[in-house]
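Trainee: When I checked TrEMBL for this same protein, it listed these features:
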{"type": "DOMAIN", "residues": "50-152", "note": "domain 'Cytochrome c'"}
{"type": "BINDING", "residues": "72, 75, 76", "note": "heme c 1 binding site"}
{"type": "DOMAIN", "residues": "203-327", "note": "domain 'Cytochrome c'"}
{"type": "BINDING", "residues": "216, 219, 220", "note": "heme c 2 binding site"}
């Protein structure tokens, strides 16, 4: 399966390169057979080679920030599934420290809520948050567009992507970024090969899979390894970050955060919304013996009056071995996403 999916992606890109004329990517977006249907509205933003390449260029361009020092790629490194391995919290212009850990980027086409609090509900609008955030890029989107309109290079790139004479505007800029980001499909890990083709997993990984299905899969369900819900997982007794409440203003959402996908989890440390845990060992120790009681603690973490999910050291080790099978080496090394 690894070779099959990789072949489709690479051959699709080679076909584009050979076409010469502007058009839709023949095999650009690969719908994994074991994934739910993509929810992204491709009809409103057909992917093209040129649009994808423009999106990639913008993603890597610090022009998006007020002082031209921070790009999207500054906090989203392909080698670690487009997460940030260097910082607990996102770092913006003037070395300002953000409030939350930068999440990885992949499989965005299959979900409808983004960021730790779910404050954005469409892929096209994701970039607006970091661009406008005063401790990230601190720039008005109108200023970004002015800079692009003043650039001969951007004039050429937008004309190539969207046609001669088309205006450089925020809608086209956001569509280009989306074309790049929705192509980030991660679905070809060792676990996927096991699931689809019966490839072998180690005995430890198989024990970990059984433990995972028993103790973790309610929240990290399906082949996306998330149910998309918002939960309080017992990090603190007192609220240190209001979480989902910022969006809903419902008291029941205090300190609740989006359940992240566990794909590529072995690569995306540090963990949790505030990056407090540096290793998967620390994460599992938290769930086993460190869960804190609070008003909105998820019921699953206090079932039967027992806090957390008690696990032995050996069980934790097996679960980690399983989680390591969710790493998609092909995705994190795919030249399709290399910076221009």
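Even glycines carry a Cβ here, placed using N, Cα and C.
Predicted automatically and left uncurated, TrEMBL annotations should be read as such.
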Trainee: Report the residues of the chain - excluding 72, 75, 76 - with C-beta within 8 Å of the mean position of the site's C-beta atoms, for the recorded heme c 1 site, in sequence order.
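Mentor: Checked against the 8 Å cutoff, the neighbours are 59, 71, 73, 74, 77, 82, 84, 102, 105, 130.
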Trainee: Near the heme c 2 site, what residues other than 216, 219, 220 in the same chain have a C-beta no further than 8 Å from the centroid of the listed C-beta atoms?
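Mentor: Nearby residues not in the site list: 212, 215, 217, 218, 221, 225, 226, 227, 259, 262.
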Trainee: Counting distance between Cα atoms, which of the binding-site residues 216, 219, 220 is nearest residue 76 (heme c 1 binding site)?
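Mentor: When the Cα distances are compared, 220 comes out closest.
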Trainee: Between residue 75 (heme c 1 binding site) and residue 220 (heme c 2 binding site), how far is it from one CA atom to the other, in Å?
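Mentor: Taking the Cα atoms only, residue 75 (heme c 1 binding site) lies 24 Å from residue 220 (heme c 2 binding site).
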Trainee: Write down the Cα-Cα distance for residue 72 (heme c 1 binding site) and residue 219 (heme c 2 binding site), rounded and given in Å.
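Mentor: Cα-Cα, rounded: 29 Å.
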Trainee: How many other Cβ atoms are found within 10 Å of the Cβ atom of residue 219 (heme c 2 binding site), counting all protein chains shown?
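Mentor: The answer is 19 other Cβ atoms.
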Trainee: For the binding-site residues 72, 75, which Cβ has the most other Cβ atoms within 10 Å, all shown protein chains included?
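Mentor: It comes out as 72.
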Trainee: List, in sequence order, the same-chain residues at least six positions removed whose CB sits under 8 Å from that of residue 220 (heme c 2 binding site)?
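Mentor: Spatial neighbours, sequence-distant, of residue 220 (heme c 2 binding site): 212, 226, 227, 259, 261, 262.
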Trainee: Please give the average pLDDT for the domain 'Cytochrome c' (203-327) in this predicted model.
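Mentor: In the predicted model, the domain 'Cytochrome c' (203-327) has a mean pLDDT of 98.
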Trainee: Which number gives the other C-beta atoms within 10 angstroms of the C-beta of residue 76 (heme c 1 binding site), all protein chains shown included?
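Mentor: Within a 10 Å radius of the Cβ of residue 76 (heme c 1 binding site) lie 22 other Cβ atoms.
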Trainee: Under DSSP, is residue 72 (heme c 1 binding site) helix, strand or coil?
Mentor: helix
Trainee: Rounded to the nearest angstrom, how far is the Cα of residue 72 (heme c 1 binding site) from the Cα of residue 216 (heme c 2 binding site)?
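Mentor: Residue 72 (heme c 1 binding site) has its Cα 31 Å from the Cα of residue 216 (heme c 2 binding site).
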Trainee: Check the DSSP secondary structure of residue 220 (heme c 2 binding site), expressed as helix, strand or coil.
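Mentor: Its secondary structure by DSSP: coil.
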Trainee: Within 10 Å of the Cβ of residue 216 (heme c 2 binding site), how many other Cβ atoms can be counted across all chains shown?
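Mentor: Looking across every protein chain shown, the total is 20.
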